[in-house]
Amino acid sequence: MNLPRGPVMVDIAGFALTEAERARLSHPLVGGVILFRRNFHNIEQLRALTAEIRALRTPHLLIAVDHEGGRVQRFLDGFTRLPPMRVLGEAWDADRDQALKLAETVGYVLAAELSACGIDLSFTPVLDLDWERCAVIGNRAFHRDPEAVSALAEALQQGLGRGGMMSCGKHYPGHGYVEGDSHHLMPQDDRTLAQIEQDDLVPFARLADAGMGAVMPAHVLYPAVDSQPAGFSKVWLTDILRGRIGFDGVIFSDALDMAGAAGAGTYVQRADAALAAGCDMVLVCNQPEEADAMLAALAPPPQPQLAERLERMAGKSRAEDWQRLIATPDFAAAQAAVRQLAMPKDALAGPQVGEAH
């Protein structure tokens, strides 16, 4: 079925598509699918699932996952265990050149293993600064220093590219300064724009200049800048991110089922607000009935650049090509280097993030 990608990303329930999910994924407003741990049994099953999703439409639906490392790594069995990004920040403090090499290698292994399973995109890297205030960010952040975060994230972005994947910086303009978790409430950051620009915005601007493919805004309120949370704010998305920073990639909303998004109203109202503010694609997870109701009622604004932006995020090589690459001795050496950085406890340390979503 030839059908342009729409501005909505949805999820699925299990290891394979149901008939209801096939119908939902064939809706003209759908443009992508986000996978979770519940969708993963083993690599063979995952490859079959992504092939099934890709076969539904041309161009294929974007297939995404939160696969950062540490406690946010959805697929474990058969995948290289990835470290939390703080490990790379600690390496930066010891030896900057070595840390940059490690960051590039982590990005490469992360992306190539996913590419070999037919996945287009991981929502990574985390560009939030580690202000030691926000538990849900915590060791997901590289460092407190904007220069360290920028350099390490840019190296990781280069590795992602080598592994066939574009980057998605999050959580714009910075989730690290607030104490609350936007999965459960609406955090508020009372700093001025000048203060945020001096620190938290630096990595976003730096990676935008270096070819970052996408950005995911935070469900955080910055009242000194705008009365709307960043993900629903034309000031943050259109005026600052598009206008001042000059970012021209995809803007994905964070999941609209999060408590931090609830203030925008119903799911249709949330999607309307996010798209009107400047998001290209909205994520609706864990609420299939709400997703269906939203798809029936949503009337998105004109998005003349949507097709081009989403196509940039799509994997360009066949999964089989990546499967051959990850079987090589050189890739095994890269996996070994990454494995030395990670411990199994990393997947459990700190609050679990978004796994219910």
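Numbers here mean position along the shown chain, with the first residue as 1.
Quick reminder: no glycine exception, Cβ is built from N, Cα and C everywhere.
Now, the feature entries from Swiss-Prot:
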- H183: active site, proton donor/acceptor (ACT_SITE)
- D254: active site, nucleophile (ACT_SITE)
- D66, R74, R140, K170, H171: substrate binding site (BINDING)
- D181: site 'Important for catalytic activity' (SITE)
Tell me the Cβ neighbour count for the residue listed as 'active site, nucleophile', meaning other Cβ atoms within 10 Å of its Cβ, over all protein chains shown.
30
Work through the binding-site residues one by one (R74, R140, K170, H171) and point out the residue whose CB has the fewest other CB atoms within 10 angstroms.
R74
Please give the maximum pairwise Cα distance, in Å and rounded to a whole number, for the substrate-binding set D66, R74, R140, K170, H171.
18
List the Cα distance (Å, whole number) between D254 (active site, nucleophile) and R140 (substrate binding site).
16
